[in-house]
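**Student:** Take this structure, written in structure tokens, and hold onto it; I'll ask about it next.
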Amino acid sequence: MEDPKKVEEGFGYSDNYQGTYNEYHNEVKKDQSTEHEKQLEKRVAPEHMPSMKLKDDDPQLAFTTSKPKNKRVASLDAFRGLAIVLMMLVDDAGGVYPRIDHAPWNGCTLADFVMPFFLFIVGLAVALALKRVPKMTVAIKRIFIRTIKLMFWGILLQGGYSHTPYELVYGVDMKKIRWFGILQRIAFVYMVIALIEALTVKLRPTVLNPGHLAIFKAYRWQWFGGLVAFLVYMITTYTLYVPDWSFNGPQSKVTVRCGMRGHLGPACNAVGYVDRQVWGINHIYSGPAWIRLKACTLSSPSSGTLRDDAPTWCLGPFEPEGLLSTISAVLSGTIGIHYGHILIHFKGHAERLKQWASTGLGLLVFAIILHFTDAIPINKQLYSFSYVCFTAGAAGILFSAFYMLIDVWGIRAPFLFLEWIGMNAMLVFVLGAQGVLAGFVKGWFYEKPENNLVSWILDHVFIDVWNSEKVGTLLYVIFAEITFWGVLSGILHKFGIYWKL
């Protein structure tokens, strides 16, 4: 089986050829032998084919075969890079710009697009990586190994062991370790959709005349998996009885009164109840976004002192990447894999964009109707069905725009830094978004931990110069973090260095 990283977006165009594989194939297939066509299907240009130009009047279509390479559609890497950049922006600047931080409960902010964007692109990439499965056992083994690796890094980075970059402390009390987080959710969704894609490869009918309904029929098992996830989530959310529950407050034990079903508020929803029962209340996230609700603080949407009449649940724990909400997140990956199937079977740019845009717009409209009729509010913490549709629709529209700009029109240069970051997403996520490199640099201080290079640059180069914590922090994130990782990723790309799971 080919390396999924190599075939993830492979349509086999060289550094000088800016079209997709299908365009190139249509240009040269009349003049090439059957053996050459087989080599193209493997995304490797024939070694003995001389350098040539497909169209003398179009220098962008120069095709050089001196160094056969496997390439990915650039828009996928750019979109993945955008998700990483958004994560760094909202994580590090969200504290001073609460409007871009996670919504305290219902609603959707910039931060709330990050997770579904990741899951969307995971699904799209899986469709391409598992287009063919020569050896089933090898494919299944790789799926489980990658899942385990993602789980491991998730627990290490977000389980409580690492406290960087805010504290120079390592270690976690196993009685309070957090079992689920960002990478664990990505791992679970990846495992489910990749297993379905691999195990059903021989059950797929040949799509001779691709159409909107034909794609759904050919990949009905993938949608059946999404339907199962949807039904499990919806039935559990609206029928599971949620009793009273307690947690250890700052001074004493606090009891939250519930005793209801189908509640979608912060305190008594089934999503939180499932996590408290499965993981235990000491093993879930202790600083949920709901503490910024108006019911909890007068500083809403910013963090602030609790109101005197704040409800008892305001200081309670809640897992935003919990088990039941992660089951719902499978739908984000399923929609992403559908976009990948369209990319595989529809050969023309116009047809692909038509299918993508119509799907994305339909999902957006449906989500808005659900939200504003109060049928199902858009809610990231619960990963509600309307939230799935809204964010997947936005991802589909945005990816379509990236594809048109980068892969169709060839406007690649402005998006190169996103592409480079996307090609080394795991490295940037671990060292950058999770603050491991910043914590390492902070570990080298003078006399006091506060006297370190990172803090000095933030305080004196950005905040003091602009005389504003908000502006200084934002510029620090843009130039000292995002730009740094973009440049570093570009250098690593130049030398062919990637962190592969």
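Cβ from N, Cα, C; glycine included.
Since the structure is predicted, the reported quantities are computational estimates derived from the model, not experimental observations.
Pulled from TrEMBL, these are the listed features:
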| type | residues | note |
| --- | --- | --- |
| COMPBIAS | 24-46 | compositional bias 'Basic and acidic residues' |
| DOMAIN | 72-216 | domain 'Heparan-alpha-glucosaminide N-acetyltransferase catalytic' |
| REGION | 1-59 | region 'Disordered' |
| TRANSMEM | 73-90 | transmembrane segment |
| TRANSMEM | 110-131 | transmembrane segment |
| TRANSMEM | 143-162 | transmembrane segment |
| TRANSMEM | 182-201 | transmembrane segment |
| TRANSMEM | 221-241 | transmembrane segment |
| TRANSMEM | 323-344 | transmembrane segment |
| TRANSMEM | 356-373 | transmembrane segment |
| TRANSMEM | 385-405 | transmembrane segment |
| TRANSMEM | 417-441 | transmembrane segment |
| TRANSMEM | 474-492 | transmembrane segment |
**Student:** How do the residues of the domain 'Heparan-alpha-glucosaminide N-acetyltransferase catalytic' (72-216) split into helix, strand and coil according to DSSP?
**Tutor:** 89 helix, 5 strand, 51 coil
**Student:** Given the transmembrane segment (417-441), which of the listed stretches 143-162, 221-241, 323-344 has the most Cβ pairs that are under 8 Å apart from it?
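**Tutor:** Stretch with the highest Cβ contact count: 143-162.
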**Student:** Restricting to the same chain and to residues at least six past its boundaries, which positions have a Cβ under 8 Å from a Cβ of the transmembrane segment (73-90)?
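**Tutor:** Beyond its ends, the transmembrane segment (73-90) has Cβ neighbours at 8-9, 11, 20, 100-102, 109-111, 113-114, 117-118, 121, 124-125, 343, 395, 398-399, 402-403, 405-407, 412, 415, 417-423, 425, 428-429, 432-433, 477-478, 481-482, 485, 489.
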**Student:** If you average per-residue pLDDT over the domain 'Heparan-alpha-glucosaminide N-acetyltransferase catalytic' (72-216), what number do you get?
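**Tutor:** It averages 90.
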**Student:** Which sequence positions outside the transmembrane segment (356-373), separated from its termini by at least 6 residues, show Cβ-Cβ distances below 8 Å to it?
**Tutor:** 106, 212, 335, 338-339, 342, 385-390, 392-397, 399-400, 403
**Student:** So which of 110-131, 182-201, 221-241 is most in touch with the transmembrane segment (385-405), counting Cβ pairs under 8 Å?
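**Tutor:** Most contacts with the transmembrane segment (385-405): 110-131.
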**Student:** Hey, does the transmembrane segment (323-344) touch the transmembrane segment (110-131), meaning at least 3 C-beta pairs closer than 8 angstroms, sequence gap 6 or more?
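**Tutor:** The answer is yes, given that the two segments have at least 3 Cβ pairs within the 8 Å cut-off.
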**Student:** Which residues of the chain, 6 or more past the ends of the transmembrane segment (182-201), have a CB below 8 A from one of its CBs?
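**Tutor:** 115, 118-119, 122-123, 126-127, 130, 132-133, 136, 139-140, 143-144, 146-148, 150-151, 153-155, 157-158, 219, 221-222, 225, 229, 321, 326, 329-330, 332-334, 337, 429.
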